[in-house]
């Protein structure tokens, strides 16, 4: 007989033919918190953490938030309608909300395999429990669906198109203020009800399921009983909206939608357990940090390691109310002195981007090693604007062609050395890159998904056609590409 309180997770490695629909959905969407059978790096608690830059998290949230808004406005322009029916609005924003959460879960998975997890030297990260797969899957659409249904019903006005609302410059100023204030007010209501469930005997039973995980993951953010689900998904957001209304600054549909994106981002991030110093993006981050009320990933992770009447860190967006009521817990790994402030990483995992800084569609010459006649097929920008990976198809004397690829990070660490290690560096004032080779250190591996129509050969000189928009693209555009693709 299965223990209804067990967090044991064995199903990912079981026979797929015996899987239920919910298990198949997780597999098809590839939203495993950790890839089954794949190792995760383990770090001692004293090893320094990298950090996420706030502005990159803002870019992620805002780009995803404005995609359905852009689609909404485009539909109005194409159909020449004054407004869209609430049912269409619900469908559009519900689908894109769910898509955004799925993308964040998948990005967290990759980052977990890159950076590891908090407390990883003591305990493995919990998986999706055998007894809770259905609950985990349904929690996704219940969370996104209930919040969008409420926002559509309460605040959507057919006559207010995105363009008509956002053409007012004052709207943008209010949006900046509302994003920051929304997190603080929502956290007040969340703190009150969350602490009550820990401190009041009769309420703990409604919160106990969520605390079965001591080392949570992204998909367990909404893993709870129905009573807690209602308050998390609907009750607390509604009370927050009502507070804004009572203060005389009511939230319209579009600003409430954007605030929902910030909240959901933090809810997923806060349960990820990533061993990174990551703060929720907020327009009030500067003042929260100034008064020691900023939240980081480790804060809620530490909360889960405690249970009934023993916990702390009750806030989930900030530490404002924990500071005021004396329930902050000292951090263990994410102390500021234990952060490597020289190692900033994108919230998104590194992905290949076909581009080249300082190159605007012109042809660029690269000379290979004299001993390795080869054809450069693409230039791949990674995290540094001065470090590139070059994918080549090298032809040996016998005419055998083989592909090699290497991905280099800003630190110089090679992630994907193949049959040859190829380093290409670009000087800031020239478009000539020197290519060197070294002996292989790993078995060959080909990145087959990299398109390669950009090159032609002329003796020992490669002529590489670079596709890029502008040098600004290297600073901002690659974040857009990584975020959306």
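Each residue, glycine too, has its Cβ placed from N, Cα and C.
Heads up, TrEMBL stuff is auto-annotated, nobody curated it.
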With TrEMBL as the source, identify the stretch among 27-45, 84-102, 103-121 annotated transmembrane segment.
84-102
In TrEMBL, which of 218-237, 238-257, 258-277, 278-297 is labelled transmembrane segment?
238-257
How many helix, strand and coil residues does the domain 'Fatty acid hydroxylase' (181-327) contain under DSSP?
92 helix, 2 strand, 53 coil
Is the transmembrane segment (84-102) packed against any residues at least 6 beyond its ends, judged by a Cβ distance under 8 Å, and which are they?
29, 31, 64, 67-68, 71-72, 75-76, 140-141, 143-145, 147-149, 151-153, 156, 158, 257, 260-261, 264, 268
